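As annotated by Swiss-Prot, GTP binding site applies to GLY59, SER60, GLN61, SER62, THR63, GLY64, LYS65, SER66, with the evidence given as sequence analysis. The annotation coiled coil is assigned in Swiss-Prot to 480-506 on the grounds of sequence analysis. Feature annotation from Swiss-Prot assigns compositional bias 'Acidic residues' to 688-701. Per Swiss-Prot, the feature domain 'GB1/RHD3-type G' maps to 49-305; the stated evidence is sequence analysis. According to Swiss-Prot, the transmembrane segment annotation covers 748-768, 772-792, on the basis of sequence analysis.
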Amino acid sequence: MATNGHFASIGVDNDKTAYEHGVQVIDENKEFNPNISKYLSLENVTHAGFNYHLISVFGSQSTGKSTLLNHLFGTHFSVMSDSERRQTTKGIWMSKNKREGEATVDPTLRMADNILVMDVEGTDGRERGEDQDFERKSALFALATSEVLIVNIWEHQVGLYQGANMGLLKTVFEVNLQLFLKDKNTTHRSLLFFVIRDFVGTTPLKNLQKTLMEDMARLWESISKPPGLESSSVHDYFDFQFYGLPHKSYQPEQFVAETKKLSLRFREGQRDPSMDARRGEFSEGGVFLPEYHRRIPADGFSRYAEGIWDQIVNNKDLDLPTQQELLAQFRCDEILREVMIAFDEAIVPFEEKQSQSARLGEPEVLGGLGAAMRSSRAKAVKNFETEASRYHKGVYQRKRAELESKVDTRLKALLQGQLNAAHKSGINEFSEAVSSSVKSGQKQGAGYDFAEIVNEEVKKAIAKFEDVARSTVVEGTTWSDYKQELALYEKELADVSGRLRREEMRRLANRVERWVQSRLGESVGLEFNALGSGRAGGGAPETGEKPLEKAFWDRVWNVFVETVLDAERRFTDRASSFDASLEEVDVGLWRLRRKSWGVLRAKIDEEMTEGNLLLKLRENFEDKFRYDDAGVPRIWRPTDDIEGIYTRARESTLTLIPLLSRFRLAETSAPPPLDRWIGHTPSSATPADEEDLPPIGGVDEEEGKSLDEEMMILSEAKRQELTVRFKKAADGVYVEAKRSAIGGMTQVPLYFYGLLLALGWNEIIAVLRNPAYFFLLFICAVGAYVTYQLNLWGPIIKMTEAASSQALVEGKKRLREFLESSDTGRQAIAMSAGSGRSGEQYELSDLSKKGKARTSADEDMDDL
């Protein structure tokens, strides 16, 4: 004989051979086996969900319970030897139905899938004696977990109290009320299946059923019931079925046949509403009705059973609904963790990449993020729903909400990061695209519509942002609405567009200002150049008429106004393509007028520098002094009124100094209306629009200068200095003219030619008679003429002077060397040195261009 205690005890590895005879759920010492889940996994029950059934068998010790289960379900529970009577099953054992899938005559009559059978230790054994604690606890455990309770009873024990296990059944009824007392909303039902052993048929089965049901009714009436259940019936909580089996030893063939027939009753069935157990009508169909199932998923059974037994063995009030909730809490947490592991594998790489991009300050739009988010979320929710939806609905829904919250929190952060990356990269790409299009238009030289470029790029940027957003969002979630982010993106695009437009208008203004500067430089320069011409003809306009000098500033102002008006037209026409507002155009024109005035004033200051002004005054004076009214150069003669012409020309030129010293219009004898022309500061101008503008007197009140002070070109001291210097220059011109006139009066006396002819007659004849002399004279004359025509006499004279000076220096040097080579010379040199005079030595390389010794000033000039 072998006992169940020898097989698969607690702690054995999950090798399938170790569980050949089943697994011990609870040992004789009331210890729960933690390897139940391993056994269920090996038997492929863990993933069955609700598609499993649990049966427990009750009965007195040594009544053949294990034998019955082995024949019904093909299990290998240990059985008692026929040669002795003793306890075989210790504790509670469990095994899976081994006859699952066996062929039957009727294919519709087949055993249910995944039937788990629990063999409970027999009652009324001498090993435990009067200790009924384990008996009660095991009954409570079996009732809390099993759908069907098989009561193994012999026919001759029917009608007895102890022999028919009436005490055990009373315990079952009592613990049943205790078990489901706290869950009054649901009536949990179980099936009590009486298997009457050694049934010979002398007493009809119906009579045995009637006797047992009368005993059940008396037992139910005898137990104390909680308030509200006093009138309850045993049929409110239990269903009953009965089956008789022949004697195993005396009728072995009939026993085997009947057990096989009985095994087919362990299939799924439906309640027949036409049958009433109170009238003795009992079903003979499938025993597994839906209402019997405890609704504990197979993967959570081990945990649930352990929790139930812990409550039972510690004598705590067993609250099955609470246990189911605790199991649901535990299993849902486990499932949630498993689901999150798979979720992390899909999402963490994107989170790390996004985090790294954020740390580097280079936001990146992650490809494939949306598909990964949708797929991982759907898988997580689906897997959780598949595994956890079988548990307590309240716990499942709460944990599902927790899962969705965790998943959505992380996915929302990814979506936000993706939208931020699309936002920043889109803004950068938009700015670069607009700048590139503008540069391309400028290079092509053709006109380009800035507003059209901006509008086109804005459409592209928004479309790209929406594509990224749509590809990333997870449908059906409240956090996938990106309208706010899109609105912020559109707002920043508008801000950037405005900034780019202002920058482009600023560049346009700069180009227009350079154009104004160029035009004013030419036009105003011509007006100042005209001051240098004091005559008509070549120095006047093409008409030959000399412009009036007193209207000089009128012409400058008119040229300035016309140039700026032309620039304003250019600016306005170009700004219209920028879609600029009227306020922006007004600010641009206002800045253009102020900048243009600065350009004009800078040009005037450049022309009015002391050197330039003296040059123009001298040119003006010389034109009036050296040329007549027709523009013909004067040839001075002693009879000319040089003093009168000089005085008139000088006084006429001197009138220019007070004219040029102040910007004043001849028509009004007042400064030009600069303040009205520039206008007031536009209300839309910002401090940034004004910060680079220099103040203008008479326009800016805070400048503290009046318009007259702004129009002051030359101060009084400058005017006096210019007057003095000009007069000195004019006096030089006058002296030169006077010398020219007097020089024309100096002539050689006629008698000198007669004297020259008389004294040099012989030499003249000698030269004329001698061809060589004559030819030499001719060559010299031609050379002198050519030299004169080429203006080379001056350089020749300078070279001659330089050569003679160098020869003198070289002669002194050689003389010194000669003296130093003799004793007498050295003594003379020593005496000369003692007298305090040191001889000057000059090298050829130290001579200046004029043949003189080079000074430090000459060296500085050569460096420049």
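Yeah, the Cβs are placed from backbone N, Cα and C, and that goes for glycine too.
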### Query
Under the DSSP assignment, what numbers of helix, strand and coil residues are found in the compositional bias 'Acidic residues' (688-701)?
4 helix, 0 strand, 10 coil
### Summary
The predicted model's mean pLDDT over the domain 'GB1/RHD3-type G' (49-305) is 82
### Query
Which are the residues of the chain, GLY59, SER60, GLN61, SER62, THR63, GLY64, LYS65, SER66 excluded, whose CB is within 8 A of where the CB atoms of the GTP site average out, their centroid?
GLY122, ASN152
### Query
What does DSSP assign GLY59 (GTP binding site), in three states?
strand
### Query
Long-range same-chain neighbours of LYS65 (GTP binding site), Cβ under 8 Å, sequence gap at least 6?
VAL57, PHE58, GLY59, THR89, ASP119, VAL120, GLY122, ASN152
### Query
Out of GLY59, GLY64, which of the binding-site residues is least crowded by other Cβ atoms within 10 Å?
GLY64
### Task
Could you tell me which of these binding-site residues, SER60, GLN61, SER66, has the greatest number of Cβ atoms within 10 Å of its own Cβ?
SER66
### Query
Taking the binding-site residues one at a time (SER62, THR63), which has its Cβ surrounded by the most other Cβ atoms within 10 Å?
THR63
